[in-house]
Structure formats: structure tokens, C-alpha cells
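As given in TrEMBL:
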REGION    22-102  region 'Disordered'
COMPBIAS  32-42  compositional bias 'Basic and acidic residues'
COMPBIAS  59-75  compositional bias 'Gly residues'
COMPBIAS  89-98  compositional bias 'Basic and acidic residues'
TRANSMEM  178-205  transmembrane segment
DOMAIN    180-749  domain 'Major facilitator superfamily (MFS) profile'
TRANSMEM  217-235  transmembrane segment
TRANSMEM  247-268  transmembrane segment
TRANSMEM  274-293  transmembrane segment
TRANSMEM  305-327  transmembrane segment
TRANSMEM  347-366  transmembrane segment
TRANSMEM  461-481  transmembrane segment
TRANSMEM  607-630  transmembrane segment
TRANSMEM  637-657  transmembrane segment
TRANSMEM  663-685  transmembrane segment
TRANSMEM  697-719  transmembrane segment
TRANSMEM  725-743  transmembrane segment
Amino acid sequence: MEDGYQNRTAFIKGAKDIAKEVKRQASKKVGRGVDRVTDEYSMRSYSRFEEDDDYPPSVGGGGGASQDGGGGGYYRGDSQAGGADEEDGGGHSDSTEGHDEDDEIYEGEYQGIPRAESGVKEGLAGGPSSVGGAGGAQGFGDATGAVAAEAERRKDQEELAQQYETILQECGHGKFQWTLYFVLGLALMADGVEIFVVGFVLPSAEKDMCLSEPNKSMLGLIVYLGMMVGAFLWGALADRIGRRQSLLISLSINSVFSFFSSFVQGYSTFLFCRLLSGVGIGGSIPIVFSYYSEFLAQEKRGEHLSWLCMFWMIGGIYASAMAWAIIPHYGWSFQMGSAYQFHSWRVFVLVCALPSVAAIIALSAMPESPRFYLENGKHDEGWMILKQVHDTNMRAKGFPEKVFSVTTIKTVKQMDELVDTGTDTPVWRRYKLKIMSLTQQVSQGNNFLACFNPEYKRTTFMLMAVWFTMSFSYYGLTVWFPDMIKYIEKQEYESKTKTFTKERVEHVTFNFTLENQVHREGQYFNDKFLNLKMKSMVFEDSIFEECYFEDITSTNTFFRNCTFIATLFYNTDLFKYRFVNSKLVNSTFLHNKEGCMLDFSDDNNAYMIYFVSFLGSLAVLPGNIVSALLMDKIGRLRMLAGSSVISCVSCFFLMFGSNESGMIALLCLFGGISIASWNALDVLTVELYPSDKRTTAFGFLNALCKLAAVLGISIFQSFVGITKAVPILFAAGALAAGSFLATKLPETQGRVLQ
């Protein structure tokens with residue numbers, strides 16, 4: 001063969017051709033020998049079903065090879081399990097006469113990948129498909145074959161979990177995990193930014209889009225609704241097509257529609273773009289935590305997943321800082337007539353898409369989760385990634401000579417594989433069939449329904465209750481806090497209102513701001529109101545005669561039961577709805593200002609919103625640090641229940657928040673304590689489900705979390721200005737119930753990742 005190939009490229013190409021021919025001939029001999037081995041398959045399948053923990057002796061060496069290959073021979077230097085497969089001994093074709101099975105060319109060896117004996121031989125002897133077929137031949141029903149296949153799959157998963165933990169121990173924790181930490185942190189940061197975007201732009205966007213109160217409320221809730229749909233959708237897809245690929249798609253959708261939302265002018269299109277942006281970012285949390293956990297060994301998992309949560313806090317700080325730096329600068333804008341406007345808040349929306357774009361770029365250089373590959377029968381891909389993790393960490397630690405000693409990793413046969421149409425089918429048709437197949441598998445919800453199987457039913461319902469109660473109280477209170485601050489500011493502002501009664505003003509020019517005043521029974525003759533702002537001004541039972549109003553900008557200004565005689569209004573925004581039960585006699589309106597006819601809050605309040613959000617995000621830093629340092633020491637349940645109880649107690653301090661500073665301090669206290677509960681809940685959710693259901697379950701629970709957030713926000717906001725007792729009692733009761741139910745969950749500290 002050396003004489004036939006003068007270079008490595010030609011050698012590899014020739015070897016691959018030989019490998020393909022060998023595979024083709026092997027499939028022929030398996031077909032000719034299938035009648036002979038049918039009885040043997042049935043006997044072994046029945047024995048496995050009856051005695052789950054014991055392996056029967058192999059007939060002709062084939063069964064032994066299949067099982068031993070999964071349990072032994074994992075490391076270099078060990079004897080490879082199973083030896084040669086003798087059950088095909090009588091089925092050699094002429095073209096493979098005298099061929100030694102141990103010398104068969106394995107295609108993955110061209111990339112340095114060891115042979116996965118268990119995977120190869122299970123496909124030929126005793127695999128799930130063989131069990132089903134042989135069982136039918138011997139009279140066993142399809143249900144029996146499915147049960148046997150599922151039992152074998154579960155045993156393979158348990159064996160893989162144990163071996164995978166050992167492999168991660170050998171790979172160590174180092175440069176690779178820290179690189180992935182920052183990459184996935186950007187994705188989590190994008191989720192944190194998304195929560196704040198709409199709240200920060202509303203004070204400015206409401207003017208450009210002329211948003212009424214119902215429209216503003218819908219815009220605030222639409223993000224949560226989008227994230228609810230996205231969490232469920234991307235969580236389910238990540239268990240089917242992979243963590244990395246699903247995260248890339250979801251972040252791409254978030255980036256694209258965030259970009260579009262900064263340019264669209266109408267309310268409906270802006271609402272639609274923010275909805276789809278929320279759908280995209282909804283996959284971030286369930287995928288990121290599942291993805292990262294599958295690269296972490298047991299003793300590092302709780303701590304480093306908690307450190308990862310800090311990026312959500314960083315996202316809030318980033319959004320607050322960018323809003324403060326960009327939005328108030330209304331000079332950063334341009335417009336094309338009255339039809340198209342691009343103000344500074346749109347620049348802020350663009351800047352908020354940067355973490356998502358950065359995450360996409362960085363994630364493109366990272367590999368898929370090897371655990372996902374191994375759970376779906378892809379030994380070669382999983383082995384290569386684990387070797388990459390090992391070699392990266394060893395080089396960074398100064399031990400480049402250390403060799404990855406694992407040779408064979410247990411794999412699990414994929415259930416409901418996607419359609420493979422071959423290379424002859426047109427590209428568009430191949431993708432169409434794959435998408436249709438994937439959509440059908442996801443829509444059937446088999447993975448989702450499996451979370452309610454008897455084995456996981458109690459855990460799922462307990463987690464649903466904990467997620468719902470925590471989200472209801474946390475999001476409800478965190479939105480109620482700023483609204484209460486606004487209400488307190490409003491009460492304080494109204495208390496400073498000045499009242500003037502029966503005043504008579506003649507031949508006076510007003511060219512300064514009029515604010516927070518009430519004028520009753522006044523008389524104004526030949527007065528001029530020029531180039532001024534009227535803010536929170538009320539005129540009642542007053543008479544304006546031969547007055548002149550020019551270039552007036554008004555907010556919350558009304559004329560009630562007033563009479564205007566021979567008065568001219570030029571270039572003002574004093575629209576008809578501002579004149580309540582008033583008479584206009586020989587009065588004229590010329591060139592009224594164009595634009596929205598609604599009243600909006602003052603821009604100065606926006607600074608307070610940014611400042612409160614910044615402090616609230618920064619306040620969770622101590623809680624993040626404490627939870628990261630103690631998560632693997634005191635356990636997940638103690639962290640979750642303990643933090644929930646303290647958060648419950650802290651709710652009652654809200655009764656004493658009677659001013660702005662006090663409410664801000666209590667907001668920081670509540671956020672700093674409750675973040676430890678969220679960190680522990682994220683870790684618990686990741687560890688309580690097996691790898692093939694992990695992101696599906698996490699996505700469903702996170703979707704439930706967003707639903708609870710919408711309910712909490714809607715209910716708590718309805719009590720602003722009415723009473724503080726009801727929201728506080730709701731939040732405290734929900735947290736108390738959640739902390740009690742959390743104690744009923746199983747502890748996962750010290751467990752291998754299922």
C-alpha cells in the first residue's frame with residue numbers, strides 16, 4: 001500500500017475507499033446471516049428484560065463483545081473488551097475472505113479517534129432495533145420491545161453518567177471552562193439587558209409613538225410573553241438539535257429583531273419586533289445553564305453555575321449605565337420630516353443588542369456539549385470535544401505532555417432520529433424534510449410529557465410550585481417598588497401645589513415656565529403667553545379676554561369652566577381636550593402643533609429610573625458571592641430554603657418605607673437576599689433531570705416563571721396608591737410557601753450529573 005500512495009492525502013483517500021467497501025460487504029453478510037442469529041437475539045433480549053443487572057454469557061462471543069465493550073476497556077492500556085465478533089464467521093463474502101475484524105479500517109481513526117467497540121457491536125448484536133425485530137419474530141409485541149429498549153437505554157445512560165463524571169475529573173477545570181464561562185456569560189448578560197430595555201425607553205418612546213397607558217402596559221408585558229414562548233420552544237429544541245446550535249439560533253433571532261425594533265416607527269411593528277426579540281432571548285437561561293453544567297465536574301458545578309449568574313447582574317448594570325449615558329441626550333437624533341424620527345432612545349436599543357451579537361461571535365468558536373453527542377450515539381464527536389477540553393486545560397497548566405487516556409466512551413442510541421435523506425437530494429429539500437421531522441417530534445411533546453412520568457412527576461410539580469411562587473413575588477415586588485417610588489414622588493409633588501384665587505392680571509407678558517399651580521376665578525385681560533411651558537397647570541372658572549398664546553408646550557394642563565373672548569392661539573399644543581366645559585367666543589386657533597395629543601411624565605424622572613435600576617442590580621452582588629462560595633458547602637436545598645425564608649421576612653420591612661430613599665434601600669435589601677434563592681434553584685433544576693430532558697424541563701419551568709411574572713406584575717401594580725399591605729402579604733405568603741415546598745425536593749449535592 002505504501003508503494004501505491006506517495007503522500008498522506010492519497011493514502012487517506014484510498015483508505016476511506018477501502019473502509020466504505022468493507023462496510024458495504026459487511027452489511028451484505030449481516031443480511032445473509034440474519035436468519036441464523038434471530039433465535040440468539042431473542043434469547044438475549046428476553047434475558048436482559050428479566051435480569052436487568054446480570055449479563056448472560058454470550059453465544060459465539062458476540063453478546064460478550066457488545067456488553068463488555070460498554071463497561072470495560074475505557075482507557076488506554078486496558079484490554080479492549082469483546083475481542084473479535086465471531087457471529088459473522090460464516091458470512092464472509094469473496095471480497096473480504098480472510099479479513100480480520102480486529103484489523104478492519106475504522107473511519108474515525110484518521111482523526112485519531114479510538115474505536116467505539118460497544119457502539120459498533122451493539123448495532124450488529126443486541127441493539128434496540130435488533131431487539132424489537134427479533135422480539136416480533138419470536139412473538140413478543142411491539143410494547144415489550146419498546147420497554148426492553150427503554151430499559152437498556154436507561155442502563156446505558158446511568159453507565160454513561162458515571163463514566164462521564166470520571167472523564168471530567170481527568171480533563172480538570174481550567175482554561176476551557178473559564179473561556180466557556182465568559183462566552184455563555186455574554187448570552188446571560190443579553191437576557192438581563194432585555195428585561196430592562198422597554199422600561200428604560202418608555203419615557204422617550206411614548207412621545208414618539210404616542211402611547212396611551214394601555215399601550216405602555218402591553219409593551220411592558222410583551223417581552224415577558226415572548227420570553228415565555230422562547231423558553232419553552234428553545235428548551236425543547238436544545239434536547240433535539242443540540243445546546244450550541246439552539247443557543248446560536250435563539251440569540252440570532254434576538255439580535256435581528258432588536259436591530260429592527262430600533263428603526264421601526266409604528267407602535268404595532270415595534271411591539272411585534274420586541275415580541276420576537278423576547279422569543280429569541282427566552283432560550284438563553286435554560287440553555288446556558290444546561291450547556292455549562294455539562295462541562296463541569298461534580299465538585300465544581302454548584303459554585304461555578306452560581307458565578308455564572310453574576311452576568312445577569314452585569315446585564316442590568318450595563319443597561320442602566322447605557323441608558324443614563326445615551327437616552328437623555330436628545331441631540332443624538334435625526335429626522336426625515338414628520339414621518340421618520342431616530343432619537344437617542346433608538347441608539348440605546350441598538351447598543352443593548354451588542355451583548356447578544358458578541359455572544360454569537362464568541363459561541364461560534366466553542367464546541368457542542370459532548371454529553372449531548374454521547375446521549376445521541378455520536379461517540380466520535382463527543383470523544384474529540386472531551387479530548388479538546390483535556391488538552392486545552394493541560395497546556396494551560398503547563399503539562400502539554402499529558403495524554404487523554406480515555407479510548408472508549410459509553411454512548412446511548414438516539415431515539416426518534418432525524419430524517420437522513422442522503423446527499424443526492426437537493427439541499428432545500430433536505431432541510432425542508434429535516435425541519436418537518438424536527439417540528440413533528442417537538443410538537444408531539446414526548447420529551448415534555450416525559451417530565452411528568454412517575455419517576456419525575458413529583459419533582460416536576462414541586463419545582464413548578466417553587467418557580468411560580470418565587471417569580472410571582474420577585475417580579476411583582478421589583479416592578480411594584482419603582483411604581484411606589486413614582487407614587488410617593490407624585491404625592492410629594494402635589495403637596496407643593498400653589499393655589500391662586502380671584503387674581504386680576506392685565507397687560508402682562510408671561511415668557512417663563514408655569515408649573516404646578518391652580519388658578520381659580522381669575523381674570524386675564526390683554527395678556528400674552530409666549531414661548532413657555534405649562535406643566536401641571538389648572539385654570540378654573542377664569543376669563544381670558546383679548547389674550548394671545550404663542551408657541552406653548554403643555555403637560556397635564558387644563559382649562560375648566562373658563563371663557564375665552566377674542567383670544568388667539570398660534571402654534572400651541574392646547575388641543576380641544578384641554579378645554580373642559582369652556583366657552584370660546586370669537587377665538588381662533590392657527591397652526592396648532594402636530595404630534596401626539598397625550599400627556600407624558602417629565603424627562604427628569606428617567607434619571608431616577610436608571611439610578612434605581614442600577615442600585616438594584618448592583619445590590620445582588622453580595623448575594624451572588626455568598627451563594628457561589630457556599631453552594632457546594634451547605635447544599636442547594638439549604639441555600640434555597642434559607643434565602644427564601646430571609647426574603648419572606650424582609651418583605652415586612654417594606655411597611656416602613658414611607659419615603660423615596662427608604663424604598664430604594666429596601667429594594668436593594670430584598671434583591672440582594674433573594675438572588676441566592678434564584679442561584680440555588682437554577683442549580684437544582686439542572687441537576688434534577690437527565691441530560692436528554694434537561695433543557696426541555698428547564699425551559700418549561702422558565703416559561704412558567706415568566707407567566708408568574710406577568711401575573712405578579714399585573715396584580716401588584718393594581719394596588720399602587722391603594723394599599724401596601726396586600727402586595728406585601730401576597731409576596732410574603734408566596735415566598736413562605738415556596739421555601740416550605742423547597743425542603744421537599746431531593747438534594748443534589750454530591751451527585752453525578754444524570
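Numbers here mean position along the shown chain, with the first residue as 1.
Quick reminder: no glycine exception, Cβ is built from N, Cα and C everywhere.
Fair warning: this is a prediction, and the values are worked out from it, not measured in the lab.
For the transmembrane segment (305-327), the residues of the chain that approach it from at least six positions outside its boundaries are 181, 184-186, 188-193, 195-197, 200-201, 203-204, 288-289, 292-293, 296, 344-345, 347-348, 351-352, 355, 606-607, 610-611, 613-614, 616-618, 620-621, 624, 627-628, 631, 675, 678-679, 682-683, 686, judged by C-beta separation under 8 angstroms. Among the listed stretches 217-235, 247-268, 274-293, 637-657, the one sharing the most Cβ pairs under 8 Å with the transmembrane segment (347-366) is 247-268.
Remote same-chain partners of the transmembrane segment (274-293), defined as residues 6 or more beyond its termini with a Cβ less than 8 Å from a stretch Cβ, comprise 180-181, 184, 187-188, 190-191, 194, 197-198, 219, 222-235, 237-238, 243-244, 246-247, 250-258, 261, 301, 304-305, 308, 356, 369, 682-683, 685-687, 694-695, 698-699, 701-703, 706, 753. Sequence-distant contacts of the transmembrane segment (607-630) (same chain, six or more residues past either end, CB-CB distance under 8 Å): 192, 196, 199-200, 203, 303-304, 306-307, 309-310, 313, 315-317, 319-321, 323-324, 328, 478, 481-482, 485, 489, 639, 643, 664, 667-669, 671-676, 679-680. Remark: the transmembrane segment (461-481) makes no contact with the transmembrane segment (178-205), by the rule of 3 or more CB pairs under 8 A. The average pLDDT the prediction assigns to the domain 'Major facilitator superfamily (MFS) profile' (180-749) is 85. The recorded stretches the transmembrane segment (697-719) and the transmembrane segment (178-205) do not share 3+ CB pairs below 8 A when only pairs 6 or more apart in sequence are counted, and are therefore not in contact. By the count of Cβ pairs under 8 Å, the stretch nearest in packing to the transmembrane segment (637-657) among 217-235, 663-685, 725-743 is 663-685. A Cβ distance under 8 Å defines the sequence-distant neighbours of the transmembrane segment (217-235), meaning residues of its chain 6+ beyond its ends; these are 194-195, 197-199, 202, 211, 246-247, 249-250, 267, 270-271, 274-283, 285-287, 442, 695-700, 702-703, 705-707, 709-710, 713-714.
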